[in-house]
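Written below as structure tokens is the structure these notes are about.
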Amino acid sequence: MNRVLYPGTFDPITKGHGDLVERASRLFDHVIIAVAASPKKNPLFPLEQRVALAREVTKHLPNVEVIGFSTLLAHFAKEQGANVFLRGLRAVSDFEYEFQLANMNRQLAPEVESLFLTPSERYSFISSTLVREIAALGGDITKFVHPVVAEALTERFKK
């Protein structure tokens, strides 16, 4: 069974992330969205809420599971029996970091391959950072995130 692990902070999960998950769900038997705690990134949403939002966005995909984690990614992949890391590349600027990450993961978990997918053109410019900035300034984010995520962002920035 091919099990792919799609790691990220997902703060918040965007339509770009969703696009990659949908496509991965057609390519792999089982997709694990691995939501990283990432305390050094100081996420807007707590881990539990990011996991819940990702579950809501992907609930229509029967072979997709969402799990939060706070361990080393290589260890988490082994625990989950994953044999592939899925990473998205929006632009050439993403490549250098992702290349370093793939090489480090290969050293830590040589049995897990790294696979890169590019998002659909209509989502290639979306990032969680931009979505948070637009939401914080009261902009319309409905084109970039699932309605439940837009609602959570709107609620978060009301405070």
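Placed from the backbone N, Cα and C atoms, the Cβ positions cover glycine too.
The model shown is predicted, which means the values in this text are computed figures rather than measured ones.
As annotated by Swiss-Prot, ATP binding site applies to T9, F10, H17, G88, L89, R90, E98, Y123, S124, F125, I126, S127, S128, T129. In sequence order, G16, R90, A91, T118 are the residues of the chain that are 6 or more apart from S124 (ATP binding site) and have a CB within less than 8 Å of its CB.
A strand conformation is recorded for R87 (substrate binding site) in the three-state DSSP classification. Marked as substrate binding site by Swiss-Prot on the basis of sequence analysis: T9, K41, L73, R87.
Within its own chain, H17 (ATP binding site) has Y6, G8, F10, A54, V57, G88 as residues 6 or more apart in sequence whose C-beta sits under 8 angstroms from its own. In the three-state DSSP scheme, H17 (ATP binding site) falls into the helix class. Residues or ranges marked as site 'Transition state stabilizer' by Swiss-Prot on the basis of sequence analysis: H17.
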Please determine which of the binding-site residues listed here (K41, R87) has the lowest count of neighbouring CB atoms within 10 Å.
K41
Densest Cβ neighbourhood among T9, S128 (binding-site residues), 10 Å radius:
S128
Proximal residue to S128 (ATP binding site) among binding-site residues K41, L73, R87 (C-alpha distance):
K41
Sparsest Cβ surroundings (other CB atoms within 10 Å) among the binding-site residues L73, L89, I126:
L89
Just how many other Cβ atoms lie inside 10 Å of the Cβ on E98 (ATP binding site)?
15
